[in-house]
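In TrEMBL this protein carries:
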BINDING   A:Cys546, A:Cys549, A:Cys586, A:Cys589  Zn(2+) 1 binding site
BINDING   A:Cys555, A:Cys558, A:Cys573, A:Cys576  Zn(2+) 2 binding site
DOMAIN    A:316-483  domain 'Helicase ATP-binding'
DOMAIN    A:561-739  domain 'Helicase C-terminal'
Amino acid sequence: MSQLELNSELDENFEERVTYFADVILPIPLPGTYTYRIPRDLEEHIELGSRVVVQFGKKKILTGIVKLVHETVPKVYEAKYVLDSLDHAPVVNTFQLEFFAWLAQYYMCTIGEVLNAAMPSGLKLTSESLIQLNPESEVLGSEMEYSAKELAILNALKANDRLSFDQVSELLGVKMIHPVLKSLLQKESILLFEQVKDKFKPKTVKTIGLAGQFLEDESAMQLLFEQLEKKPKQQAILLKYLSLTRMDEGETKVRDILKSSLLTGDLSASSLKTLVKNEIFIEKEKIISRLDEIDGELEKNHSLSSEQQKALEEILLAFQKNKPVLLHGVTGSGKTEIYINLIQQALENGGQVLYLLPEIALTTQIVSRLHKVFGSALGVYHSKYSDNERVEIWNGVNNAKINLVAGVRSSVFLPFDNLSLILIDEEHESSYKQYEPAPRYHARDAAIWLSHLHQANVLMGTATPSVDSYQNALDGKYELVELPQRFGAGKLPEFELANILTSRKSKRMKGDFTPELLEGIKHTLEKKEQVILFQNRRGYSPYLICHDCNHVPKCQSCDVSLTYHMHNNVLICHYCGHKESVPAICDACGSTAIRTVGFGTEKLEEDLKILFPEAHIQRMDQDTTRSKYSYQHIIDRFERGETDILVGTQMLSKGLDFDKVSLVGVFDYDRIVHFPDFRSHERAFQLITQVSGRAGRKDDQGKVILQTGEPDEPLLYKIRTGDYKSFFQTEILERQNFQYPPFYRLIKVILKHKEKNILQQASKHYAGRLIGELGRQRVLGPQQPVISRIRNLYIEEIYIKIEKKKINVNKVKELAYKLGLDVKQHRDYKTLRLYFDVDPV
DNA sequence: AGCACGCCGACT
DNA sequence: GTCGGCGTGCTC
């Protein structure tokens, strides 16, 4: 190569030698992004949305998402290198990056917190620090002087070859292991390294196929048969294989079949092993999808009733106006059929569909219905699914294999790039709002914002619209479509009010059952029909109390009574998870007279067993539905009529249709309606309407027996007559008079500190500053929440209340945030923790 | 949020 | 004297 050419090549290289930097979002609650230098060999793999592995701090290795690639050299610090890139194509798209940033801004949290909630943990790698013996230390080893601890570690390493920090700590029985490790490192006896683990494991199956030569060569097969003549077990396997692959009928295609399908009956696994060893069969491992495959014909959708058709046309018309549509359709009006119709249209036009459902509704008939219609185009995203399954859904959406997702609130985070329809079923459900941890987002509102990004249509459906959404519809922000008829002409259930007070006075109550309800249950059972008993969960956990001194066992680090769990006889703190066994004697006075109080579904179930010993009773609550399929099993048994009485909480009210339920009993209407918060009426209307909807389908009019101490309570009349509009009119006036949403926007500020006094001072100070800026009437509190201490931190709350019109929310958010930083400057308040909950429910 | 570093009291 | 407790500050 000539001198000239060499020079020009150098020049060219020199010019190309721009260093790229990546701003990386890390899944940690810190504001902002972090800038890393992209090594040249990774340049072509790293783009917006790529997953990268970076070192953060001294030892943490994290997976982050690239938010920006640029050439600006950071001035104040030396950027570390990106260690690796994980994918060939980005796992997060630009819609998502924008969406995440919006969520962080709107809900006042860090983008890292959003990322953390968004990605299934299988896509987030974590590192584990490990140590191993330094192979070169053998030479030096003998001359070294080691302490007892050091020797213990070295000996353990000889046996184990690598140890994690936790293991070392366990080995030594000490938490402080760093000094010891440091000393060993200095002596060069050990090596320290980080192991990055990819947590996602594809699901595999073992397959068996016949080795090639037997397929091609008839005579080889002949020979094989002769060889196996004396080995009947192996021969049996070969015959089974041939019959399964139909090769005996002359088909010659190479076929791998499932190992499990071959080893049925008395065929032995060890014989097969021998066959594999002798290279007659070949065993392979095949990666398969965890997502259910659907066999057979997909179901055609049913034709719509004229009511449904009319609603559908109205919806399509409303979509033209580019506004979200609120579909107000009474229970049983057949909303699902309309959804299916819209989904089909969207999919046929090549768009993606997101169908949001509350968690409990998702495990039911709706999903199996969708499965029948849409088959493997449907992905289900549910919290009870394993993380690996979630990764598969994520990837499925990302590579366009899945175009329809039915999922819980977190499915708004999936990598859609072409959403054309978002359905939000049971729009009023408060479980769409996440409370702990941040991001405290509302999936309905987030989904509506997401729809703007994608230019997607939005349909919200419910029998009992939230006050917020209905007002939005009246304001013209949403389009309202009504579906007033019950599909199949079922009637509203008949309501009977059972007066608890009069029954109690005349001593006719049996435990918590009024004579009316008992009579009703008896009657229904005699008719061989089914009963659902509904018990509100709020504030109803059973606990222990000492008969002699009234002492109630409390959690040591939270300000709550421990909840008593009858089935395994333990006390559990529902806030921090602390568990303890039931004490034999009272901690306070030593008495043995400890009894259980409070009445949850467990207690109800026990009572029912005594009152109706013949009946099959099943309880359905958090406790009995912990595992993935337990909910489905309970429902199935009930559907098959194996259960007569189903006792449960809220989860009974969602998306379940049973034909033989003719009685619904409601226990604690009074508690629901008098719950101390401004949404209690709204919640009562929704809840009672929804559970009542479970009574009586098709031909029969069902019955609801509602136990209450005040049968004349005004809201009750509206619930009984199903008069949503009248409920709404009364409620909306209240909201206006008392300055609540939807006219005012709320931001809850949560302050925590381990010192009660300091917390109170700091909260007062913070509230004072807020009042100074916003005025007295816009700030409520500070006040102690019902649970005033969790995990040893005391809690205070402040509500910021601002008019939706006139005031710029973003300014207020900024102010609240800055004042928080300000207060934390004060040297007494440095460890104060501040959290925000925007639009709390 | 972790995690190191540093200062402090309390024990083998 | 170490061990283990926090408070404080930093992470590209």
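The count begins at 1 with the first shown residue.
Cβ atoms here come from the backbone N, Cα and C positions, even for glycine.
TrEMBL: automatically predicted annotations, no manual curation.
Look at A:Cys546 (Zn(2+) 1 binding site): DSSP puts it in a strand. Each residue in A:Gln556, A:Ser557, A:Val560, A:Leu562, A:His574, A:Tyr575, A:Gly577, A:His578, A:Ile790, A:Arg791 lies on the same chain as A:Cys555, A:Cys558, A:Cys573, A:Cys576 and has a C-beta within 8 Å of the C-beta centroid of that Zn(2+) 2 site, without being one of the site residues. The shortest Cα-Cα distance between A:Cys589 (Zn(2+) 1 binding site) and any of the binding-site residues A:Cys555, A:Cys558, A:Cys573, A:Cys576 is the one to A:Cys555. A:Cys558 (Zn(2+) 2 binding site) sits 19 Å from A:Cys586 (Zn(2+) 1 binding site), taking the CA atoms of both as reference points.
Comparing CA positions across the binding-site residues A:Cys555, A:Cys573, A:Cys576, the one lying closest to A:Cys549 (Zn(2+) 1 binding site) turns out to be A:Cys555. For the Zn(2+) 1 site, the Cβ centre of A:Cys546, A:Cys549, A:Cys586, A:Cys589 serves as reference, and the other residues of the chain with Cβ at most 8 Å from it are A:His547, A:Asp548, A:Asn550, A:His551, A:Asp587, A:Ala588, A:Gly590, A:Ser591, A:Ala593, A:Ile594. Cβ neighbours within 10 Å of A:Cys558 (Zn(2+) 2 binding site), excluding its own Cβ and spanning all shown chains: 22. The 10 Å shell around the Cβ of A:Cys576 (Zn(2+) 2 binding site) contains 15 further Cβ atoms across the protein chains shown. One residue stands out among the binding-site residues A:Cys546, A:Cys555, A:Cys573, A:Cys586, A:Cys589 for having the most other Cβ atoms within 10 Å of its Cβ: A:Cys555.
DSSP assigns A:Cys589 (Zn(2+) 1 binding site) to coil in the three-state reduction, placing it in neither a helix nor a strand. Counting every protein chain shown, 14 other Cβ atoms lie within 10 Å of the Cβ of A:Cys549 (Zn(2+) 1 binding site). A straight line from the CA of A:Cys573 (Zn(2+) 2 binding site) to the CA of A:Cys586 (Zn(2+) 1 binding site) spans 18 Å. A straight line from the CA of A:Cys586 (Zn(2+) 1 binding site) to the CA of A:Cys576 (Zn(2+) 2 binding site) spans 23 Å. Within the model, the domain 'Helicase C-terminal' (A:561-739) shows a mean pLDDT value of 86, rounded to a whole number. Classification of A:Cys555 (Zn(2+) 2 binding site) by DSSP places it in coil, neither helical nor stranded. Distance noted between the C-alpha atoms of A:Cys576 (Zn(2+) 2 binding site) and A:Cys546 (Zn(2+) 1 binding site) is 23 Å.
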